[in-house]
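For A:1-411, the entry in TrEMBL reads domain 'Aminoacyl-transfer RNA synthetases class-II family profile'. The L-histidine binding site feature in TrEMBL is assigned to A:Asp96, A:Leu97, A:Thr98, A:Arg126, A:Gln140, A:Asp144, A:Arg333, A:Tyr337, A:Tyr338.
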There are 2 protein chains.
Amino acid sequence: MAEKIRAEKTYRPKAETPKGFRDYFGAEVTERKAMLDRIAEVYHRYGFDPLETSAVETVEALGKFLPDVDRPNEGVFAWQEASEGADADWLALRYDLTAPLARVAAQYRNDLPSPYRRYAMGPVWRNEKPGPGRFRQFYQCDADTVGSSSVAADAEICAMLSDALETVGIPRGDYVVKVNNRKVLNGILTSVTGGLERYEVASMTPEERKEYRALELAGLENDPAVDPIMRTLDKFDKVGIEGVRELLTYGRKDASGAFIDGVGLSSDMAQGYVNFLTAKGSSNESTLRRLREILAHSAIGLEGVDELEEMAKLLDCQGYGPDRIVIDPGVVRGLGYYTGPVYEAELTFEILDEKGRKRQFGSVAGGGRYDGLVKRFTGQDVPATGVSIGVDRLLAALRAKGRVTADTTGPVVVTVMDRERMADYMAMVGDLRQAGIRAEVYLGNPKNFGNQLKYADKRQSPVAVIQGANEAEKGTVILKDLILGAKIAEGASLEEWKSRPAQVEIPVASLVAEVRKMLAP
Amino acid sequence: MAEKIRAEKTYRPKAETPKGFRDYFGAEVTERKAMLDRIAEVYHRYGFDPLETSAVETVEALGKFLPDVDRPNEGVFAWQEASEGADADWLALRYDLTAPLARVAAQYRNDLPSPYRRYAMGPVWRNEKPGPGRFRQFYQCDADTVGSSSVAADAEICAMLSDALETVGIPRGDYVVKVNNRKVLNGILTSVTGGLERYEVASMTPEERKEYRALELAGLENDPAVDPIMRTLDKFDKVGIEGVRELLTYGRKDASGAFIDGVGLSSDMAQGYVNFLTAKGSSNESTLRRLREILAHSAIGLEGVDELEEMAKLLDCQGYGPDRIVIDPGVVRGLGYYTGPVYEAELTFEILDEKGRKRQFGSVAGGGRYDGLVKRFTGQDVPATGVSIGVDRLLAALRAKGRVTADTTGPVVVTVMDRERMADYMAMVGDLRQAGIRAEVYLGNPKNFGNQLKYADKRQSPVAVIQGANEAEKGTVILKDLILGAKIAEGASLEEWKSRPAQVEIPVASLVAEVRKMLAP
């Protein structure tokens with residue numbers, strides 16, 4: 001008692017996962033691992049090599065977050081090297097897998113094969129305010145091709161993404177990879193906003209086209225109207241086509257009744273965007289035809305359409321038709337970051353949300369082409385294209401579909417009836433393990449046998465092995481079928497109960513064979 | 001040119017891995033993963049469940065490093081939460097996998113099965129001065145049983161360690177798991193230093209034994225002679241038995257000629273320790289007999305011997321004889337941390353060190369029993385025992401033995417002779433991948449065909465697929481056997497060259513079959 005009072009006075013740290021972080025137990029670990037292993041097999045088959053960079057980067061190399069303020073850790077977890085005084089480097093945890101790839105592509109540019117296909121899987125960290133369902137450490141799974149400007153590289157990533165989804169257990173028809181192109185969007189922005197004079201693009205010489213393209217890009221970058229338009233188009237998924245039309249013009253009431261101001265475009269202009277977002281036809285050919293009409297006056301837009309057509313052709317020749325990979329101008333999300341093809345994998349089946357309403361599962365992966373990857377380091381543009389799979393979302397989808405494949409069966413539990421005969425129980429568990437059967441001997445205090453069965457239950461054990469003094473004398477053991485036992489408790493039929501007794505007594509010598517029989521499905 | 005000069009004036013961050021960190025490429029990643037996957041299979045079979053905690057812990061929960069100084073990051077990478085002012089929590093990267101286990105065992109103590117068997121594999125971080133071969137991020141691979149005071153738990157871990165080593169490719173006979181017991185060492189320290197009166201332990205009542213044991217422990221903790229003795233015994237591996245004898249008494253010259261002061265014990269006392277360190281007999285039985293003689297007057301020492309005997313018995317009944325797991329009082333390393341059985345896996349084969357000298361590979365894993373795991377959090381002693389495998393050392397051993405099993409073959413490379421026919425090349429690579437063959441199409445600039453073959457070489461590609469206009473017209477492709485090509489370059493025999501031409505022309509339709517033939521070993 002005195003001992004206890006003393007203990008209570010001692011300061012005790014809290015045993016808590018830090019805010020915004022979480023722990024993964026048992027099947028949560030193996031299910032994710034099984035999924036990532038399958039994805040890695042596909043990536044490997046496509047010639048992608050794994051890359052595992054350190055979790056820590058210099059803040060300087062990470063970019064975005066420069067050490068010109070006292071604590072440069074907005075958005076990242078950062079700290080200063082302790083040993084070297086005020087000038088010491090700032091280090092930080094990586095916030096994605098692309099920034100480390102940029103550093104690696106620059107650092108090893110003379111040693112890596114070019115093009116360099118690499119995949120990376122691992123945790124990343126974000127220094128955000130934690131909230132429900134928002135974690136500060138989570139997995140990313142990326143594949144990128146660095147050093148190829150060919151749209152064949154983009155097409156390959158789309159095909160690989162399609163294979164990866166099917167390999168982890170999303171059947172064909174339950175997903176679609178949608179492809180769009182940043183250049184098409186740029187073209188539509190200049191065509192519709194009319195920020196530039198309408199050239200007769202089709203009749204230009206190649207030089208004029210090039211110059212015009214540069215004008216278009218410069219115009220876009222300096223046009224303050226572009227950002228709000230992009231953001232509005234990005235809401236297509238959520239508010240639908242009429243919602244977009246309202247938001248592009250005079251504004252709209254949202255679900256809560258609040259009024260959201262519109263961008264202020266004319267109805268005609270808004271119609272131009274609506275035409276674009278809904279340009280998806282019944283086939284890739286008809287989509288491409290409509291886009292060519294809409295973008296007739298934009299050199300960069302037509303360049304984007306050409307790229308889309310080329311990708312569709314390259315995919316088609318490998319058998320990836322629009323049932324798997326489809327051109328869809330409605331894909332706007334994240335376009336700002338990209339310079340060419342963009343793609344997004346959507347799961348098309350419905351699930352019930354937390355309020356019991358049906359909704360589409362939505363996006364589980366996305367990516368595209370970006371050219372500024374190593375420019376910060378080397379000053380050179382290096383073309384790159386890549387995809388990132390949302391690991392947690394895809395795993396949630398697989399769980400929703402009942403497609404999670406990791407073995408969650410607990411171990412056979414050898415119970416301890418007689419502490420003095422631990423060697424016998426260890427021999428049994430040894431035999432089971434040697435035969436490849438997952439098995440444990442109960443290692444807690446064996447006094448209370450009920451606790452041992454409770455333990456077996458908690459472990460989701462399929463079979464308990466029991467040998468008391470009586471059985472030991474006879475050279476037998478009792479096998480208790482805990483799966484059937486649970487079924488009977490839930491009300492199995494009499495036939496079932498008779499045909500497969502929940503408990504059998506067998507000779508010790510046939511332990512492995514009989515357990516195996518009981519474990520057979 | 002103006003462009004270039006401007007670029008050179010811009011500030012460019014360095015593309016460098018932070019000091020003390022490293023990047024892992026291709027086979028370095030897959031080889032380690034293959035090894036850890038095999039170990040995980042063994043752990044799974046033994047009923048151990050995976051646990052993946054976050055990389056980040058509160059400094060408070062990590063222990064050791066309390067936030068009572070300005071920068072509590074001695075030894076760890078730590079930073080203060082940004083949002084909450086000066087009182088904000090300090091966070092840190094975990095420095096091992098045991099501290100997070102302690103936190104989890106306390107936090108989830110009402111939900112976890114008890115005993116709780118868990119394994120964990122992942123990186124840990126140490127804020128140390130980087131040096132050659134010393135990294136600040138490295139992998140650990142731990143398995144622990146929490147909540148069992150039975151030596152059966154220790155025996156199980158030793159058996160599992162033995163299985164794990166054999167499963168990853170260390171053959172029986174090339175390793176040994178040595179077992180000792182902290183209580184035996186405590187016993188020898190009190191027996192030999194004579195810090196306590198010599199009771200006639202054998203004739204004590206259980207109560208007297210218990211009291212005497214407490215006296216022994218208290219005596220050890222307060223005895224300033226113990227630390228230098230422990231440290232000296234720990235050098236047995238390096239200086240041998242005569243070295244230990246010298247260091248325990250008057251001192252010794254080391255290899256460089258410098259004189260190392262001795263501890264100052266009498267020759268008799270030193271002989272006591274030498275007897276202990278060399279107590280290993282030709283069998284476990286004879287080792288146990290010798291230990292009983294040496295420790296006849298130490299209650300705690302005899303308790304340790306009893307535990308060793310019990311472990312040997314439990315292992316023996318599962319077939320783990322002293323050829324795999326052996327009692328060895330010479331194992332002293334790391335004992336300070338432990339409270340009961342300790343174990344260490346040593347590889348017994350010789351390798352050549354950096355100076356070309358033969359030496360034993362040495363220890364690759366170690367562990368033991370420790371009871372203070374969750375006490376900091378809950379105030380309660382919870383018995384625990386566990387092992388940590390040195391991932392990098394074990395991998396190095398497997399490499400030294402040529403036992404690394406990951407597939408390092410590069411992809412088949414489909415070259416691009418004619419940029420306009422990319423769709424044909426994509427179709428070929430698609431067929432190969434569908435057939436499960438690792439394959440790539442060359443995605444760089446196809447102009448210089450030599451570059452494509454150099455690329456294939458860098459990728460360690462086994463086969464290059466080539467189709468120029470001629471072949472396309474005929475409906476054929478050329479397969480270039482790059483492995484044989486390399487062999488011929490190294491001087492293959494004429495027969496070899498004839499029997500298996502390094503280049504064949506085949507119909508496109510039989511591409512998959514012919515490539516498969518060429519890849520067959």
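Cβ atoms are placed via backbone N, Cα and C, with glycine included.
Predicted automatically and left uncurated, TrEMBL annotations should be read as such.
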With every protein chain in view, how many other Cβ atoms are within 10 Å of the Cβ of A:Tyr338 (L-histidine binding site)?
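A count of 21.
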Need the DSSP three-state call for A:Thr98 (L-histidine binding site) to compare against my parser.
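A:Thr98 (L-histidine binding site) sits in a helix per DSSP.
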What number of additional C-beta atoms lies within 10 angstroms of the C-beta atom of A:Asp96 (L-histidine binding site)?
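Result for A:Asp96 (L-histidine binding site): 15 other Cβ atoms within 10 Å.
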Over the span of the domain 'Aminoacyl-transfer RNA synthetases class-II family profile' (A:1-411), how high is the average pLDDT in this prediction?
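On average, pLDDT over the domain 'Aminoacyl-transfer RNA synthetases class-II family profile' (A:1-411) sits at 84.
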